[in-house]
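Some notes on the structure that comes next.
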C-alpha cells in the first residue's frame, strides 16, 4: 500500500477500507508517514468527508494506536460523560457523586484545563489535601468501594489522536465532523467506558456555534459508539451564556456543593439531572429516563448525593468538611461588585468573553506552564432574561489583585442590557440516541 494512492482515493471522494485506515494510522503514529502526506489526507477528508463506517474504523484505529484502560475489574456498566466544553461547565463535579449515589460506577480520568478555568482535577484540588496520585489498583478498589474515584490522565492513550490533533490545529482541518467525532470518541473508548453520554454544546460560547453543526457532530458520535458496541446517547445544550453562575475553580466547587443539595442554579441543576438520568439509564439502574430522574432527585433531597461527595473527597485525601463549611476553600482577597449602569433586562452574556475575563484574574491557564489561582473568578448575579435595576450587581468579581478595571471593561462590553423584556434561551435543544 502507498500513502499517495490513499490520498488520491479520498481526494476523489471514495471510501477508505478498514485495512487502509489501519495502515494510515499505524504508519503515522510510528513516523513512517510524514506530516505533509497526513496533512494532505486531512484536507481531503475535510472536503470529502467520511461515511459512518470509515469514521468508526478511524476511531478504533486511534484507540488501538496506544494503551487502553481495562476497567473490567469494576462491577457494573461503566458510563462516562463527555462535554464538548464551555464556560462554567461544572457538570462533572456534580454528576460523578450524583450518579454514584444511586449505584452507577464512576471511574473518571480527567485532565487539567487549558482555557477559561481549570479542568476537573484543578477544581477538585481547590479542596485542601485532595489528590489524584493513586495507583491503578487503588483507583479500581475505590470505585468498587465508593462507586467513584478520579485519577489523572496517564499512560500512552490514543497517541495517534494527539499527533493528528496537533497537525489539524496548524493545517486548518480542525472543523471536520468525522475528525472531531473520532478524536473525542477514541479518547472515551480508550479510557474504558462501556457506555457514553455526550453533552454537545451549541451557541456563542461553544465550539459548535451552529445548532445544525452540533446536531451533526452528536449524530456522528452516537453512530460511532453504537457501531463499536458502546451504547451512546447525546444531548445538545445551550452555551450562548455561561452555565450556572460560577466561573472559577473553588467558586465552581461551592456551586457543585449547592447543586448536590438541590439548591443550585436552575439551568445547571436541570442539565445535571438530564445528563445524569441518561447515565443511570445506560448503566441499567433504571428502566426509563423518568425513573432515573426520580432516583436522582431523591438522592439530592435525602442527602445521599452530598454524602457520596464527602466520602469521595475524603478517600482521596481531601478535607470533606468543606462541604459543610465552604469558607475552608481558597478565598480571594478582594470582592468587587460590577454594577449595572442602567435599568432594563439582560439580553446577552457572551460566554467565551466572560470566560476570558475570569482567565485574566488567574482562574485559567494560557499555556501548560501557567499557574492557576484556585480562589479567583466570577459569580454572575443575573442571567439572560433577568430584570436589572441601575446600581444592582451584575457580577461579583473575586480577585487577588485590587485593580480590576481591565476585567470590568471586558464584562461591561459583553453583558448587554435591553430596555424591553427578553426571553431566556432554551437550555436543551435535542436528545439523540
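Using the three backbone atoms N, Cα and C, a Cβ is placed for every residue, glycine included.
Summarising the annotation, Swiss-Prot assigns phosphate binding site to 81, 82, 83, 92, 108, 109, 110, 120 and lists experimental evidence as the type of evidence. Using a 10 Å Cβ-Cβ cutoff, residue 120 (phosphate binding site) registers 22 neighbours.
What Swiss-Prot lists as K(+) binding site is 88, 90, 243, 246, 255.
Around the Cβ of residue 168 (substrate binding site), the number of neighbouring Cβ atoms within 10 Å comes to 22. Residues annotated as substrate binding site in Swiss-Prot, with experimental evidence given as evidence: 168, 187.
Of all the binding-site residues in the list 90, 168, 187, 246, the shortest Cα-Cα distance to residue 109 (phosphate binding site) is found for 187. Considering only the binding-site residues 187, 243, 255, the residue whose Cα is spatially closest to the Cα of residue 81 (phosphate binding site) is 187. Candidates 82, 108, 110, 168, 187 (binding-site residues) were compared with residue 90 (K(+) binding site); none lies inside 10 Å Cα-Cα. Geometry remark: residue 168 (substrate binding site) versus residue 83 (phosphate binding site), CA distance 21 Å.
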